[in-house]
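Annotated compositional bias 'Basic and acidic residues' per TrEMBL: A:93-123, in sequence order. Annotation comment: TrEMBL describes A:124-149 as compositional bias 'Acidic residues'. The domain 'Transcription factor CBF/NF-Y/archaeal histone' annotation in TrEMBL covers A:9-73. Per TrEMBL, region 'Disordered' is recorded for A:93-149.
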């Protein structure tokens, strides 16, 4: 299903919440300003993606990775984002690793019950990270469900 | 969509070993981890929103509209989501300066326009925001 950039907006409630939390109490935001910020955020995603993709292509990679995005932030003069982004990435990676280890444990237990002699060692993480972009957005949920299995 | 993504995160959080490392990095919001594992969306949403408030599926769908982009790792989608959050905070605060100059407590569209014009980092936005976005409900 082809979706044009104009059709995709980030959820208004979330954008509003981010704005409210960034500003001091007592400050209001007009509807037009909120709409404009939401639009700006979408443009930001597209611009950052394009910039990051350039780095990936330069490195002859077909998959955008976190490093490409960080390089894009520098290129776009958003160096101030680098430190908080790196920290958030660490937390995210730990969470992902935890998810995989839990799902691996579940898988092991299942197989133990089935075979009762299975001695597979844990696989390394990293396989699930690349996701084909041409598939539907729902596939992200499916891919993560695979991890859970 | 968000519910699907967030419900998976709770699977990790009832494991005490995992909680230990997460508590160090999560700071004030660590008490959420001590809650018993719940499959309800609100509890899951809280734990996931600590990492990213914006739904990764929507961010990824946006990225997909770029024809040059083939594949993107989950991490890259997450980082872009997080960066977008930081960007929204930044532009809101910078626009506020102009509202305050005008002795107003309400951020208006023109404050955004002023910030975009004045601040180098926002140059990429020039001409990109529609003047009067009629039909878009907020």
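If you go along the chain as it appears here, the first residue is 1 and each next one adds 1.
Quick reminder: no glycine exception, Cβ is built from N, Cα and C everywhere.
TrEMBL does not curate its annotations; it predicts them automatically.
The predicted model assigns the domain 'Transcription factor CBF/NF-Y/archaeal histone' (A:9-73) a mean pLDDT of 96. Look at the domain 'Transcription factor CBF/NF-Y/archaeal histone' (A:9-73): DSSP puts its residues at 47 helix, 4 strand, 14 coil.
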